[in-house]
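Straight from TrEMBL, the features:
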| type | residues | note |
| --- | --- | --- |
| COMPBIAS | 1-16 | compositional bias 'Low complexity' |
| DOMAIN | 511-604 | domain 'DYW' |
| REGION | 1-25 | region 'Disordered' |
| REPEAT | 92-129 | repeat 'PPR' |
| REPEAT | 196-230 | repeat 'PPR' |
| REPEAT | 297-331 | repeat 'PPR' |
| REPEAT | 332-366 | repeat 'PPR' |
Amino acid sequence: MSSSPLTATPSPLLPAKSKNPPSHHHPLLSYLPHCTTLRALAQLHAVAVKAGLQAHPAFVTRLLTLCTDQRADAAHLDYARQVFDRIPHPDDVVWYNTLLRGYARCGGGGAMEAAAGVFVRMMEEGVAPDTYTFVSLLKACAAARAGEEGRQAHAVAVKAGAAGHEYVVPTLINMYAECGDARAARAMFGRMDGDCVVSYNAMITAAVRSSRPGEALVLFREMQEKGLKPTSVTLISVLSACALLGALELGRWIHEYIKKIRLDSLVKVNTALIDMYAKCGSLEDAVSVFQDMESRDKQAWSVMIVAYANHGYGREAISVFDEMKKQGIKPDDVTFLGVLYACSHSGMVTEGLQYFDSMRDYGIVPGIKHYGCVTDLLARSGQLERAYKFIDELPIKPTAILWRTLLSACGGHGDVDMGKRVFERILELDDSHGGDYVIFSNLCANTGRWEEMNMVRKLMNEKGVVKVPGCSSIEIDNMVHEFFSGDGRHPQSQEARRMVDEVIEQLKLVGYVPNTSHVFHVEMGEEEKATSLRYHSEKLSISFGLINTSPGTTLRIVKNLRVCPDCHSMAKFVSMVFNRRIILRDLNRFHHFEDGVCSCGDYW
């Protein structure tokens, strides 16, 4: 029978039990740094117990530290907790703080509960918490998104007089931000004494994670005005804000700034640059940063694979994946997500299914996003029944998003019967998403099932569900301009509309015909249907770009929804007639329009 780590047999290579009383410089302490595995640590610990060192402050401190450092895994952390729990009356605050720091690094609800248990034990033993205690406890709450527990920890910190400490305040800001309480985070930020880079980092990161990139950039400018030097954490978050906005020129300026302050050698900063360039539509710049990196970690390889995948370059993504494996880098769940995206967006069905099956060879359990990729892979290729069966037989409960992926494909392939089955499954999980009603009602109309279409639209009205308005943005001279379909919010919207009219008249001369196949109103004629499509947000952004940029300038558009067939067709014609390259990022992927052709091959 194998022994547990706590009762492991001591190695004969380790020193015998000391006859001398325990001391701060006991010989066993020098062996601890050389224990690179949990088994070796357990063997040394067994010897220490026999030597009477099980509660020796220096030994316990170093053992706990080794079991909870950044390289330690969950098994090490569990062992540290067993060691700690066997001490009759632990009275060293460092021991508690070391365990709490380990749980904060581990993250997740289980780790937060364990951290709370350690803190309660601390109170019961009468050990006074210090600022490091609260920093780690609050970080554990933030990692688990445990807002209520975080507020309780904040209250205890106030009673202990630690809530205003320079290390605790930024941690409180981050905790509230991570838990989605932006108001509390902003209140803490406003009560700061003096300017603190860490606090700014917490606020900027929170703004990005809650999809408020504009606010993140305002905070970054505020930092610069105050003369605060940004850290790598600041710049990674700011680059993420640029990526969300599609603000390429601002991203390029930040890249130059990164070079100026010599942070361009950091792997994580370069990885953020690759992600920013790719999401802003400049795959060339993303590839350049990747190729110039002296060293690359797993995340850098994965981000490059995802970049190629989202731009529709499936073969290139697979090539990077193969090179990654040759370099001895083990892929993770994010890597495979990129590979599956690549196969899905490029129509590589057989390859995609093979890669999905190979995930288990690397010990990776597929998650909901991987299942979504396989669903998309099958559904796009027209294998709707197979996709339905795949979702229905999943080992986990499918989400509305999975069914939504299939519903979209039903719309694309015109399968109204399958669409009805899928639509009903979606309503069982989530009946509040306007896009579902629109897709299915359009599908009914397209097949002449007007009665069902009217029933769906009536249901939509009864539920109070509204369709999300289309919004597109374009960056010109470092300013992002947003246009919404059909309205006039932008100061130059009328000018953009007039340009749309002129452009469409020119395009008609070379064969452009409005694609009204997805406009379903019984009372509308073809001309009225074409008019309803004319001022979609993509068209307004493209036309605004034609007005405000010099001939030959690439137009980069970001769209919040999937690009419609008519706007896709119009963009192809514009790229040919006006000799413009158009890079459009929609909800699902990038489209590169050039010389009348799109990189997606109309497979989207």
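The backbone N, Cα and C atoms fix where each Cβ goes, glycine too.
Curation does not apply to TrEMBL; its annotations are automatic.
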With DSSP helix as H/G/I and strand as E/B, how many residues of the domain 'DYW' (511-604) fall in helix, strand and coil?
34 helix, 16 strand, 44 coil
Going by DSSP assignments with H, G and I as helix and E and B as strand, what are the residue counts for the repeat 'PPR' (332-366)?
28 helix, 0 strand, 7 coil
Tell me the residue counts in helix, strand and coil for the repeat 'PPR' (297-331), as DSSP assigns them.
26 helix, 0 strand, 9 coil
Mean pLDDT across the repeat 'PPR' (92-129), rounded to an integer, is what?
87
Helix, strand, coil residue numbers for the repeat 'PPR' (92-129) per DSSP?
30 helix, 0 strand, 8 coil
